[in-house]
Amino acid sequence: MIHTTIGSAGHLLVIIAFVTALVATFAYFKAGMTNAAIDEQLTWKRFARATYFLHVVAVLGVVFSLYWIIGNHYFEYHYAWKNSSLSLPAGYTISSFWQDQEGSFLLWIFWNVVLGSILIFSNRSWEAPVMTVFALVQAFLTSMILGVVIPGLDVKIGSTPFLLLKEVMPDIPVFKMDPNFIAKDGNGLNPLLQNYWMVIHPPTLFLGFASTLIPFSFAIAGLWTKKIQEWIRPALPWALFSALVLGVGILMGAYWAYETLNFGSYWNWDPVENSSIVPWLVLVAAIHTMIIGRKNATALKTSFILTIATFILVLYSTFMTRSGVLGNASVHSFTDLGLSGQLLVYLLSFTIVSIGLLIYRWKSLPSDDEEVSTYSQEFWIFIGATLLCLSGFQILATTSIPVYNKIAEAFGTVLNMALPADQVGHYNKFQLWFFSLIIILTGVGQFFWWKRVGKGKLQGLYNPLLIALLISAAVITFQGVKDIQYIVLLTAAIFAIVANGTILLNIIRGNYSLSGGAITHIGIALMLIGILFSSAYTKVVSINNSGLMISRSEEFTNNDNKENKENITLWLNKPEKMGEYMLTWRDVRVEPRHIPGYIPKSWVDIVENDYHAVALRDIVVNDKKYNSKGDTLEIFPENFYYEIEYREPSGRVFNLFPRVQINPKMGGIVSSPDINRKLDKDLYTYVSMVTNPTAEPVWSQTENFTVNMADTFFVNDYVAILDNVVRTDSVEGVTLGAGDAAVKAMIRVLDNDHEFVITPSFVIRDRMVARKPEVNNDLGLRVQFQEINPQTGQFTFAVNTTQRDFIVMKATEKPLINILWLGTFVMVIGLVMATIRRFRDFIKMRDRENAAANKNKDKMKPQVA
Amino acid sequence: MKKIQIFGLVIIAVAIGIIISTAGDASTYVDFSKAQEMASSGDDESIHVVGKLKKNTAGQILEMEYQPEVDPNYFTFTLIDNNNVSQKVVYKSTKPQDFDKSEQVVVVGKMQNGTFAAEKILMKCPSKYENGKLETTEATASKS
């Protein structure tokens, strides 16, 4: 049965949400008009609030409907069919929700609803103007998932997630046969996204994006109601909150990429990554100018510009990643849903209106009478904010290259511009210097801020500078940092840690709650050091020293031996030397759902197109028996883990299990690394190619060997010796009766450094001959005992050969990457402290204002009476 | 001149520097003939070439070679650009994982001694997850 009700309800609720957002925008706008009578304002405000709450309820209803469809596996719905499947573990059905564009818009809408409700309750005095902006944004966002066709015009607005499969693909033959056809199972979630980071990364990132709306709304409200300076106090804590959440969201994505993708890095300068970091950089700049904006008019003006810019950049980034404009420039942008036009309208509306309002009010903004002194705190903070913006501008200028092509196309010319071939080099060339300067300024700025230095007394900075230089010299010598640009960045970061640390020690004794800034700066400096070492000093361990020797030896060694040979081939159970390690690929393992760790693939037989497997033996892990032979158990059918044994020179042995996902639906293999984490470095290993573990081996044509006892013969280029033929009492898989007999041959096969014994059996049972071949995967051999000739005393064996199993892998070492993660935690702590402090400031001020307002009211009452 | 004006001028200068450098570092989309022309004139800038794989009527990829058992870091194939010029491409790294099912391939690199030496391969694959829409994947041979 097709569950049409829930989808219709969802679609209806989207329409209600859209309409209520529009009505709330208008009502809040009316309530915010200062020239109206107080009574009228109050009426509008009450009406607006009621409409907004209707909107909240509608949005929650939409979220519930979509989740209900996915959670109950209603595969008649395209969204559920496309993004989830029966075998998907419950935790990941949540990720299916935002796997597609519509769901991620919905996630954004949901966060806006939450944030808007908090604002209404926490900040009554700003409600009308702030919520006008909020409701308008909600109207635009809900229009993206509206899915309504305007009759007559043939214009579709938005793309709804509540379409049935047959509405999306009416042409597929199955619907001609049975219009009520419901798919039995869904397509499933991309296995790369079946990861716990993908459960928490998108909501965090979208909360970050959504929360940039709050400072923006306050800035617009400030311009609109001419509260030119007052908006900063309520906006600042939210700006900090936004920087915190967006920063954490971006870093979660980076960590997911490091752990799951095989790019070998946490940051790849991909356009999608860039378009999330640029708003963050500008937001951080905005926070700094907001902090000094109440004292300095230039900073106040800049705060308006940067706060508005942050939000517009978020919209621009949304446009870039969702309109399809990036095309083949990005690995993980969404495909075009036909929303480009709508997204462009959204982007341009807010750009034009907010910039227009700013220009309109520009004259009434205050300006400084006096020129700012080079020795003032404002000056240094201002320089820092400028550098942050320039850094963001550089990233944006390059990331927008596909956009330039589109613009040129619109004007009828062909630009054919492409992203730089060496993106990392291109960005680093600028960003390394920008960040060296920025991080130095965090230290200098703090000294000026806390008045530890000033005009004529710069001595305060001498000690930190001296200490930083000494530490840097030690680190440079000890770690062998040779390149000048890295020496500069390292010294700058160490100076920042020392300088901010000095300030921290000074102020923490007085009032620790003020130390958020210094702690955040230390965190960022630590992150830079971690990034410097882990990316600039990545060492490829898996240098291939054998490969090309055979085919192109000349080419292999030319160009100073620098040809790309960073991947090595490993054969099953054949140790290979790699760097200081001895490597052996041992086994392929599978991942059972309710048993810890991975079990050898040979223990189970995987049921095709299902998520079950049959145990071929008792499954015992860590001395605990989980399943008996013949049991059916649940597994993750796509995941295969390649057990690679690392033997260190000290003799210590550890295993890594890089993953390969083989998904017939995705039509290929997807590999994820495994990481051996040490305090001072990570050993990062991934497999880039494997012989398909699910495919049946392809055997060569049978070759017969007839040999005498102790004869030597050659199979598949190996030396084989028939050592003996012995009588045996048991043959696996065969029950021997009273009159039956069985013999098995002992064939010794010599490999370079290894000996294998292959024992095929020859059975006479009920006067019939049975031959049990033996397969050796290490050698790629199958040997069958074919015949015994009693006259000649000769034995015949049938031999088939196959491709031996191998993998191609790469291993790199990432030194000091833990400093990056440590820095991340420190930065988060600092930002949390700063956010809490600014929220306290705001609440104190709000309560004081409320108290004053109440007193006024009390005074007025007797007069009225 | 006031300090703020000097400051403004410096920022504008840096911004112009960034734009010029971006334009300078930006690569271009060309075809193989143009790539050959550039290489012969001594221009060793890396460029993008868009093309399709050489396939027979049954849809099998022709002239593609990857033998990891001999050398896992040598992958070669023939790409036909939009002007129907076919060119041997050498990629000194592992064969990208989605290569076989890719419909359109973008190679980034330059011509060297008659073959195109690719530093990076971008692929557009019809993905089941996107219901026949195209999805981009990327592979880089860069030294990390």
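Every residue, even glycine, has its Cβ placed from backbone N, Cα and C.
For A:99-323, the entry in TrEMBL reads domain 'Cytochrome c assembly protein'.
Annotated transmembrane segment per TrEMBL: A:6-29 (among others), in sequence order.
Nonlocal intrachain contacts for the transmembrane segment (A:105-121), taken as residues 6+ away from its ends with a CB within less than 8 angstroms of a stretch CB, comprise 17, 49, 52, 55-56, 59-60, 62-63, 66, 97-98, 127, 130-131, 134-135, 137-138, 141-142, 144-145, 161, 202-203, 206-207, 209-211, 213-214. The feature transmembrane segment is assigned by TrEMBL to A:105-121 (among others).
Under the heading transmembrane segment, TrEMBL lists A:133-153 (among others).
For the transmembrane segment (A:205-224), the residues of the chain that approach it from at least six positions outside its boundaries are 32, 98, 104, 107-108, 111-112, 115, 119, 126, 129-134, 137, 230-232, 234-236, 238-239, 241-242, 245-250, 252-253, 276, 279-280, 283, 286, 290, 303-304, 307-308, 310-311, 314, 318, 354, 357-358, 361, judged by C-beta separation under 8 angstroms. Look at TrEMBL and you will find A:205-224 (among others) tagged as transmembrane segment.
Residues annotated as transmembrane segment in TrEMBL: A:277-293 (among others). Long-range contacts of the transmembrane segment (A:277-293) within the same chain, counting only residues at least 6 positions beyond its ends with a Cβ under 8 Å from a Cβ of the stretch, are 208-209, 212, 215, 229, 232, 235-236, 239-240, 242-243, 246-247, 250, 299-300, 302-303, 306-307, 309-311, 313-314, 317, 377-378, 381-382, 384-386, 388-389, 391-392, 395-396, 399.
Per TrEMBL, transmembrane segment is recorded for A:300-319 (among others).
Here TrEMBL flags A:339-359 (among others) as transmembrane segment. Here the transmembrane segment (A:339-359) has long-range neighbours at 101, 137, 140, 143-144, 157-159, 216, 220, 223-224, 304-305, 308, 311-312, 315-316, 318-319, 322-325, meaning same-chain residues at least 6 beyond its ends whose C-beta is under 8 angstroms from one of its own.
Positions annotated as transmembrane segment by TrEMBL: A:379-397 (among others). Remote same-chain residues near the transmembrane segment (A:379-397) are listed as 274, 277-279, 281-282, 284-286, 288-289, 291-292, 298-299, 302, 306, 313, 372-373, 427, 430-431, 434-435, 437-438, 441-442, 444-445, 448-449 (criterion: CB distance under 8 Å, separation of at least six residues from the stretch ends).
With a cut-off of 8 Å between Cβ atoms, the residues of this chain six or more beyond the transmembrane segment (A:430-449) that come close are 375-377, 379-381, 383-384, 387-388, 390-391, 394-395, 460-461, 464, 485, 488-489, 492-493, 495-496, 498-500, 503, 517-518, 521, 524-525, 528. The transmembrane segment feature in TrEMBL is assigned to A:430-449 (among others).
Annotated transmembrane segment per TrEMBL: A:484-505 (among others), in sequence order.
For A:517-537 (among others), the entry in TrEMBL reads transmembrane segment.
Beyond the ends of the transmembrane segment (A:816-836), by six or more residues, the same chain brings 237, 240-241, 243-244, 247-248, 251, 255, 266, 513, 515-531, 533-534, 537, 677, 679-682 to within a C-beta distance below 8 angstroms of the stretch. The transmembrane segment annotation in TrEMBL covers A:816-836 (among others).
Long-range contacts of the transmembrane segment (A:300-319) within its own chain (CB-CB distance under 8 A, at least 6 residues past either end) are made by residues 209, 212-213, 215-216, 218-220, 222-223, 228-229, 232, 235, 239, 275-276, 278-279, 282-283, 285-286, 289-290, 293-294, 325, 340, 343-344, 346-347, 350-351, 354-355, 358, 362, 365-367, 382, 385, 389, 392, 396.
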